[in-house]
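Accompanying notes for the structure given below.
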Amino acid sequence: MPPQRSRRRKRASATQLYQTCKASGTCPPDVIPKVEGTTLADKILQWGSLGVFFGGLGIGTGAGTGGRTGYVPLGTRPPVIAEPGPAVRPPIAVDTVGPSDPSIVSLLEESSVIDAGITVPDITSHGGFNITTSTGGPASTPAILDISPPTNTIRVTTTTSTNPLYIDPFTLQPPLPAEVNGRLLISTPTITPHSYEEIPMDTFVVSTDTTNTFTSTPIPGPRSSARLGLYSRATQQRPVTTSAFLTSPARLVTYDNPAYEGLTEDTLVFEHPSIHTAPDPDFMDIVALHRPMLSSKQGSVRVSRIGQRLSMQTRRGTRFGSRVHFFHDLSPITHSSETIELQPLSASSVSAASNINDGLFDIYVDTSDVNVTNTTSSIPMHGFATPRLSTTSFPTLPSMSTHSANTTIPFSFPATVHVGPDLSVVDHPWDSTPTSVMPQGNFVMVSGWDFILHPSYFWRRRRKPVPYFFADVRVAA
């Protein structure tokens with residue numbers, strides 16, 4: 001292995017060596033002439049400059065600026081620059097002071113009275129007070145002085161400035177109190193009238209479509225119900241068979257404080273130590289048990305709770321865990337195997353001894369304007385002498401037409417009609433005879449309120465799935 005050569009160290013510059021070795025006198029012979037400018041080249045330049053002058057041409061090692069006067073065209077002279085001279089002060093007037101002049105200078109100027117030669121007019125008074133003087137003893141007449149109270153004049157000045165860049169139609173101006181001689185004067189309007197025109201506004205948004213909304217405040221539409229996702233893939237399913245899940249669910253998670261179980265309708269939060277064991281293995285690492293909810297699933301009433309496990313916790317404090325759906329079925333909803341015979345609500349015929357509407361009577365209108373053909377009924381149309389019972393069989397759908405209404409009643413079985421008691425009906429003549437068209441066939445007139453529509457004629461209702469709901473009518477957190 002060849003030996004390693006030592007690295008070459010850089011020598012200090014001449015300026016650095018000159019600063020350290022000049023005082024001690026140990027400088028190399030080439031350092032002092034180079035720094036002080038006494039080399040052979042420097043001496044040749046000094047000797048040559050004595051005989052030749054190139055200062056005006058700008059020849060040298062400096063920047064090519066043409067010297068102090070700059071570059072000028074050939075055959076011309078450089079411009080003359082006037083140099084400023086010394087400033088000249090204004091002359092100061094000097095007053096001579098003699099020996100007889102006073103040494104005290106007055107700070108106030110002497111005022112002189114100028115007589116312009118204007119005569120002073122005489123002013124003659126036409127009224128006033130008469131002054132009486134006496135030389136001896138007290139005055140016999142007391143002095144009467146007419147003293148009138150001075151007029152109390154109140155002057156209030158208010159200055160108001162308005163910004164032309166901002167005008168508010170409803171600017172509240174607070175009152176400006178002004179107190180003069182113990183009096184408080186307030187006279188300022190509080191609300192200034194506006195100058196704009198009031199235009200009634202109309203509502204143009206009439207739909208509740210929130211997808212194509214062009215305004216900032218759309219009309220709120222129906223709110224969709226929240227989906228809990230109890231049976232999703234990310235939620236574990238754990239059935240609970242013990243009844244303590246309904247009354248005291250905290251006993252299935254922890255042993256702490258068995259005397260206080262908390263409210264079963266609220267969300268339960270648990271704080272576990274680092275090493276613990278749950279009473280029920282299914283409730284291991286549960287840190288939160290949300291509010292109960294009721295639902296209908298597979299023909300039974302089910303009580304459900306969402307639990308949150310704590311599987312991992314980072315140094316920052318972030319917790320990770322899975323969601324568990326704990327449910328307990330209360331009772332199955334099954335159909336009874338016992339068959340109960342149902343009794344009909346109404347009979348097929350109305351008997352004469354029926355007492356459903358004993359206080360109601362059937363009143364028939366006058367049918368003198370009705371064209372009746374092929375009538376096999378024995379119901380009287382005018383006066384009634386005694387109550388009668390008539391039974392009529394109709395093989396088809398009969399109908400009756402009058403000037404007031406058309407009535408069609410389907411009957412395919414013998415009907416017994418109770419005529420009612422004797423009533424006198426007043427006959428009112430008509431101005432014109434109406435024309436009625438009545439189809440061929442039998443008819444029957446029924447008047448009463450004691451009949452019920454058969455259940456088979458009702459519309460069938462579609463069953464909707466039972467949604468999930470909470471015991472306290474709030475969404476679980």
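Including glycine, each Cβ sits where the backbone N, Cα and C put it.
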**OP:** Out of 331-338, 427-434, 459-466, let me know the one Swiss-Prot marks motif 'Nuclear localization signal'.
**Re:** 459-466
Original post:
Counting by DSSP, what is the helix, strand and coil composition of the motif 'Nuclear localization signal' (1-12)?
Top reply: 0 helix, 0 strand, 12 coil
**OP:** Give me the non-local Cβ neighbours of CYS27 (disulfide bond): same chain, 6+ apart in sequence, Cβ-Cβ under 8 Å, ordered along the sequence.
**Re:** LEU17, TYR18, CYS21
**OP:** Take every residue in the motif 'Nuclear localization signal' (459-466), average their pLDDT values, and give the whole-number result.
**Re:** 71
Original post:
Taking the Cβ of CYS21 (disulfide bond) as the centre, how many other Cβ atoms fall within a 10 Å radius?
Top reply: 14
Subject >> Reduced DSSP assignment, CYS27 (disulfide bond) >> reply: coil
Original post:
DSSP three-state call for CYS21 (disulfide bond): helix, strand or coil?
Top reply: helix
